[in-house]
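After the structure tokens below, expect a handful of questions from me.
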Amino acid sequence: MVLELYLDLLSQPCRAIYIFAKKNNIPFQMHTVELRKGEHLSDAFAQVNPMKKVPAMKDGGFTLCESVAILLYLAHKYKVPDHWYPQDLQARARVDEYLAWQHTTLRRSCLRTLWHKVMFPVFLGEQIRPEMLAATLADLDVNVQVLEDQFLQDKDFLVGPHISLADVVAITELMHPVGGGCPVFEGRPRLAAWYRRVEAAVGKDLFLEAHEVILKVRDCPPADPVIKQKLMPRVLTMIQ
């Protein structure tokens, strides 16, 4: 049976899975679950992921719902090149270290930045208090600095001389604030050079394909009132 991936490329972890699968020629059937239409909240999608979140994966009768778990499953099952998730214990531990750190730090601040700058005011028509936006951008700056100083340092990639899962997860996170109009790479030459290396390692065409939605997100139309009412209870937690 064909591997099934339930994705919306608006979502940063969905983009990471999409890039990884495409780059490694992993055959899959993609089901687009449109977050801005509330399709992830449907009873039909709840049969795939009861938590009603993307990404999700079905491999025959086996389902998996967390992005890092899906990436590791694909890396193990399809025997991808070693640099993605190295066999070397310490190199693998560095990938794991980044994946463990980013979930409540860089991912959170990148997500909040996009929502505070674009999704709430443009898509949902809800204004964010200036002091809240300022705090969000300050938090983003702190986490980007940690990424640069603690993880990237002076290496070509986050874990060494070759691209890994850590780099794909990190770059897809950073493209969220980029899509929201934040110049996160300006004034950061090491990070900007890393960005160019990741884009080249992935392939520019695939990189742009995966990020087409997020790079056009500021042009999204306002939400339908019914959709807005459906989405608001879940997304309000992002501005607390």
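The backbone N, Cα and C atoms fix where each Cβ goes, and this holds for glycine too.
Copied straight from Swiss-Prot:
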BINDING   His40, Lys53, Val54, Glu66, Ser67  glutathione binding site
DOMAIN    2-82  domain 'GST N-terminal'
DOMAIN    88-223  domain 'GST C-terminal'
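Can you tell me where each of these features sits in the structure?
Contacts of Val54 (glutathione binding site) defined by a Cβ separation under 8 A and a same-chain sequence distance of 6+ are given as Tyr6, Leu7, Asp8, Ser11, Pro13, Cys14, Val33, Leu35, His40, in order along the sequence.
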Among all the protein chains here, how many other CB atoms are within 10 A of the CB of Ser67 (glutathione binding site)?
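Counting Cβ neighbours of Ser67 (glutathione binding site) within 10 Å gives 26.
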Counting all other Cβ atoms within 10 Å across every protein chain shown, which of the binding-site residues His40, Lys53 scores highest?
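Top count of Cβ atoms within 10 Å goes to His40.
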